[in-house]
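Down below is the structure, laid out as structure tokens.
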Amino acid sequence: MRMRYLAPFVLSAFFLASCGGSDNSSEKKDTSASSSNEAPVDNSMVKQGAAEAAASKGAGLIAQSDCLTCHKVDMKVVGPAYKEVAAKYEPTDANIAMLADKIISGGSGHWGEVPMQAHPNVTKEDATEMVKYILSLK
């Protein structure tokens with residue numbers, strides 16, 4: 001009867017011991033030695049990665065807002081498709097600022113008769129990230 005309770009206890013102890021951290025020094029690497037053998041970093045990729053991160057943030061902000069009620073990536077719904085906007089506007093600082101202001105203040109007359117609803121609760125920074133995403137869809 002005693003063995004019946006002892007076996008699960010011993011197995012549990014072995015299981016917990018195997019999950020513990022290892023302090024094996026052979027697994028540790030000397031970072032100073034490996035850093036001298038690394039290839040130089042191509043900084044152009046850093047800039048591209050930052051643009052992709054901004055676009056990803058903008059996509060997330062759009063997904064959390066009501067934008068997709070009137071806009072789709074490839075198809076005109078109430079407002080223009082995002083790809084149509086990207087085709088019309090170059091991703092310049094002036095265009096990004098102007099379109100971000102349109103998100104916040106609303107507007108009419110540029111894409112038809114239906115005015116764009118104002119979004120005063122969207123911050124300038126978030127609107128800018130949204131526009132960067134939209135203009136990246138060329």
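Yeah, the Cβs are placed from backbone N, Cα and C, and that goes for glycine too.
The signal peptide annotation in TrEMBL covers 1-19.
Residues or ranges marked as region 'Disordered' in TrEMBL: 22-48.
Per TrEMBL, the feature domain 'Cytochrome c' maps to 53-138. In the domain 'Cytochrome c' (53-138), the DSSP tally of helix, strand and coil residues is 47 helix, 4 strand, 35 coil.
In this view, MET116 (heme c binding site) is surrounded by 20 other Cβ atoms within 10 Å of its Cβ, with every protein chain counted. Among the features that TrEMBL reports, heme c binding site is placed at CYS67, HIS71, MET116.
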Which number gives the other C-beta atoms within 10 angstroms of the C-beta of HIS71 (heme c binding site), all protein chains shown included? 21
Non-local Cβ contacts of CYS67 (heme c binding site) (under 8 Å, 6 or more apart, same chain)? MET130
Centre the Cβ atoms of CYS67, HIS71, MET116, go out 8 Å, and tell me which other residues of that chain have a Cβ in range of the heme c site. LEU68, THR69, CYS70, VAL78, GLY79, ILE103, GLN117
